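Engineer: As annotated in Swiss-Prot:
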- H189: active site, proton acceptor (ACT_SITE)
- G13, G14, K15, G16, Q17, I18, A19, N107, Q114, V131, G132, N133: NAD(+) binding site (BINDING)
- R94, R100, N133, R164: substrate binding site (BINDING)
Amino acid sequence: MAFKEVVRVAVTGGKGQIAYNFLFALAHGDVFGVDRGVDLRIYDVPGTERALSGVRMELDDGAYPLLHRLRVTTSLNDAFDGIDAAFLIGAVPRGPGMERGDLLKQNGQIFSLQGAALNTAAKRDAKIFVVGNPVNTNCWIAMKHAPRLHRKNFHAMLRLDQNRMHSMLAHRAEVPLEEVSRVVIWGNHSAKQVPDFTQARISGKPAAEVIGDRDWLENILVHSVQNRGSAVIEARGKSSAASASRALAEAARSIFCPKSDEWFSSGVCSDHNPYGIPEDLIFGFPCRMLPSGDYEIIPGLPWEPFIRNKIQISLDEIAQEKASVSSL
């Protein structure tokens, strides 16, 4: 099969559930399109070789035409060698009784090593998508340990939050999903994220005007989006996997296969942002792709006092997380 190009891709956490779902979407063309081949490297920590071999067998058995090359590895340098894109999914999950600070430090060590390996082995313009939580801070740690790579190309995944809000607005307004646009998530991927309904449009009109229920928007919608991950865990006993995988595929596709004037939310480096957010943070902003192939943070969006206050709370949390891992 003739490809427009072959994309070298690394996926970490290869034996986990999010990666398991994501890998088949990747091989099917849901991430880079159906005209790009994929040179895929699947990584997980030493001791997972048998599980990785099973994942490889299933991908082989799928007979995916776009899967140009496939290998599994427990070496970060091998996984990241010459890559165009990395999806950093693997992370330590938060266990019973674990403090958030402990989680930050444990994952900080993981993403320090991954960032250093990216710095050594990846292409300088490689695009890095971080999924493992706490995702904003993990992304910042990886970025700081990979100074050779462009800071603008590090993304912390907020697309699942965006999708959750998108779906909730469509259900409330009783309209198809395609009628909802300009769904924006600011700040941290946590219970202090800021789902900004004031920017959203339903059938081209302001969502607040169409919904007509400010109390529902401020209290029910915002709270539901902020806490959806916990609600999923409580309901099914496991964290989101299939929906997270789909969100990751869409997040990458928005960058590699952009649609005209599509808005997407991503945690990106705050350097030179148009909203006065301090620099050297990974902060959620609304973005869109430019003809040059770069993205821009969409400028000039007004913040109502309700949204501004919540953005400050989310910003404070990100700054505190950064301070707690700066020694790494």
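A Cβ is built for glycine as well, from the same backbone N, Cα and C atoms used for every other residue.
Mind mapping these onto the model and telling me what they sit next to?
Structural biologist: Long-range C-beta contacts of H189 (active site, proton acceptor), restricted to its own chain and to partners at least six residues apart, with a cutoff below 8 Å, comprise N133, P134, V135, N136, A156, M157, L158, D161, G267, G284.
In the three-state DSSP scheme, Q17 (NAD(+) binding site) is classed as helix.
The Cβ neighbour count for N133 (substrate binding site), using a 10 Å radius over every protein chain in view, is 22.
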Engineer: Using Cβ atoms only, which residues of the same chain lie under 8 Å from Q114 (NAD(+) binding site) while being at least 6 residues apart in sequence?
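Structural biologist: Listed in sequence order: T12, L76, L88, A142, H145.
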Engineer: Between all pairs in G13, G14, K15, G16, Q17, I18, A19, N107, Q114, V131, G132, N133 (listed as NAD(+) binders), what's the biggest Cα distance, rounded to the nearest Å?
Structural biologist: 20
Engineer: Kindly assign G132 (NAD(+) binding site) to one of the three DSSP-derived states: helix, strand or coil.
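Structural biologist: DSSP assigns G132 (NAD(+) binding site) to coil.
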Engineer: Identify, in sequence order, the residues in the chain of K15 (NAD(+) binding site) that are 6 or more apart from it along the sequence and have a CB within less than 8 Å of its CB; answer 'none' if there are none.
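Structural biologist: Counting only residues 6 or more apart in sequence, the Cβ neighbours of K15 (NAD(+) binding site) under 8 Å are D44, T48, A51, L52, V55.
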Engineer: So if I measure Cβ to Cβ from Q17 (NAD(+) binding site) and keep only same-chain residues at least 6 apart in sequence, which ones fall under 8 Å?
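Structural biologist: Those within reach of Q17 (NAD(+) binding site), by Cβ under 8 Å and sequence separation of 6 or more, are K238, A241.
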